[in-house]
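Colleague: Have a look at this one.
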Amino acid sequence: MELLILLYALPIFYFLFMMGKRAYARGDQECYILDYQCYKPTIDRIIDTEFCYEIIKRTKELGLPELKFLLQATVSSGIGEKTYAPKIVFEGREQNPTVLDGVLEMEEFFHDSVAKLFAKTGIQPSEIDVLLVNVSMLTTVPSLAARLINHYKMRGDIKVYNLTGMGCSASLISVDVVRNIFKSNKNLNALVVTTESMAPNWYAGTDRSMLLANCLFRIGGCAILLTNKRALKHKAMFKLNCLLRTHHGARDESYNCCIQKEDEQGRLGFHLGKNLPKVGTVALVDHLKELAPKILPMSELLRFMVMFLVQKMSKTSSVAGGKTKPVINFKTGVDHFCLHAGGRAVIDGVKLSLGLNEYDIEPSRMTMHRFGNTSASSLWYVLGYMEAKKRLKKGDKVWMISLGAGFECNSGLWEVVRNLDLDDANPWKDCIEGYPPVTLVNPFMEKFGWINQEDPATFIRPE
C-alpha cells in the first residue's frame, strides 16, 4: 500500500518541483529599473522668445509667409520659454554644422547624466553587462556606444548595441532589447542611454513641414539603469509588467509621414507631414487592440464586450441613435499615463483616444512646456514630473506610450515597487512648485503678433 502511495506521489512531487523551479527561474527574467537620470543642460543653453527671434532674423531665406507660419506653429505647440538648444545655435553656426558639433553635444550629455546615475546608484561602470545607446539622427565611427565605453573604461566582454533611426519611440525599443537579453541571461546590469542629436539637424530652409521640427524639438536625454539581479530587487524603483510594439512601416502613408530628407534646395531636414495626427491615431488604435487584454482586468473586458454586443444587436449607431460608442476604461488597469511629449496636437490626440482628463495628461503637457520635445527621452521627463509631484506610490501602474517615425507605437506598463521621494538630481526639482503655471500661453504672439498684420507688398525684413 505504501509503495502504491509512493508511486502516485512521485509524479505529483515532480510536477510541483518543476513548477516551483520554473517560477523561481522566472524571477531571474524580471526587468527592473534601479534608477534613471534625465539631462538638464546649463542655463546658458536656454532658448527664450527673444533669442528665437534672433535666430529667425539671421535666417535670411525666411520670408513673411514663413514668419507667419513659425509664429503660429510656436504659439500652438505648447512649448515654453525655458527649453534648451545646442551650443552651435548660440554660436550662430546652426546653418553650418560639423560632425564634431554633434559628437560634443552627445558627450556633454554622456559625461553629465551617466556619471550622475553611477554616483547615485553606487553601480560602477565595470559592473555594466549590457550597454544600449539610441540616437536616431547621428551616426559616428567609432559608435557613440564605443565612446561611452572608452570614457568610462567598461569591461571588454560587455554586450553593446547602438540603435539609430528609431525616432521618438526608441526608448521603449531599447528597453525591449534589454528585456529579451534578461530572459536568457541571469544577474545582469544594463545601461540604456537615450537622446537625440540636434546640433547637426537644425533646418535652415523654407519648407514648412521641416521648419516645424525647429519649433518642437529641443535637446535632452536620459540614462536608465536596469537589472534582473535578485540581490538588487529591493533597491528598484519600477518593474516592467508588459511591453508591446506596433509597427506600420508597411503602409506608405505611415512610413512617409515622419522622414529625414532634403528639400528642393538640397537642405537636409526632418519632414513632419500634415497627416501625422491621423497616422498616429491609426497606429495607437491598432496597438490598443492587442494591448488591452494584456493590461486590463477581466471585468473591464467583459463590460466592454457586453456593451458592444448590446449596441450591435440593437443596431443603434452613435449618430442616428444619439448614443456614444462603448469605450474601454483604461483607468481600470492603469494609475498614471506617461505620454510622449510630442507637441500639443499629439498629446490632445492621445487624450481623446484614451478618454483621459487634464490631470492625466498634465505631466506630458508640462514636459512639453518646460523641456520641449526631447524625442525618445521625453517619456523620462514626464516620469520625472510624476515623481516630483509625488504622484507615484508603491503598487501603482504607470503606462508609457510613445509614437515615432517608422511609423511606430510602443508602450510599456511599469509597476512602482517602492514609494519614491523627490530626488535632488530630478530635473524638475528647482521649478516643480511653479507647475502647472497659471497659463501656458506662449508670449510669442504678444511680442510678435504684429507679423500677422504685415502686408507682403510692403513688408521689410527686420535686421
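A Cβ is built for glycine as well, from the same backbone N, Cα and C atoms used for every other residue.
Remember, TrEMBL labels are computer predictions, not curated facts.
The active site annotation in TrEMBL covers Cys168, His247, His336, His340, His369, Asn373. Look at TrEMBL and you will find 26-312 tagged as domain 'FAE'. Summarising the annotation, TrEMBL assigns domain 'Beta-ketoacyl-[acyl-carrier-protein] synthase III C-terminal' to 334-415.
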Colleague: For the active-site residues His336, His340, which one has the sparsest Cβ surroundings, going by other Cβ atoms within 10 Å?
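Modeller: Comparing Cβ neighbour counts within 10 Å for the active-site residues His336, His340 gives His336.
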Colleague: Determine, to the nearest whole angstrom, how far the Cα atom of His336 (active site) is from the Cα atom of Asn373 (active site).
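Modeller: With the alpha carbons as reference points, the distance is 20 Å.
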Colleague: Closest to His340 (active site): which of the active-site residues Cys168, His247, His369, going by Cα position?
Modeller: Cys168
Colleague: Would you identify which of the active-site residues His247, His369 has the most other C-beta atoms lying within 10 angstroms of its C-beta?
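Modeller: Answer by Cβ density within 10 Å: His369.
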Colleague: Taking only the Cα atoms, work out how far Cys168 (active site) lies from Asn373 (active site), in Å, as a whole number.
Modeller: 9
Colleague: Looking only at the domain 'Beta-ketoacyl-[acyl-carrier-protein] synthase III C-terminal' (334-415), how are its residues distributed among DSSP helix, strand and coil?
Modeller: 39 helix, 21 strand, 22 coil
Colleague: Taking the Cβ of Asn373 (active site) as the reference point, list residues of the same chain whose Cβ is under 8 angstroms away and which are at least six residues distant in sequence.
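Modeller: The answer is Ile79, Cys168, Leu216, Phe217, Arg218, Ala341, Gly342, Gly343.
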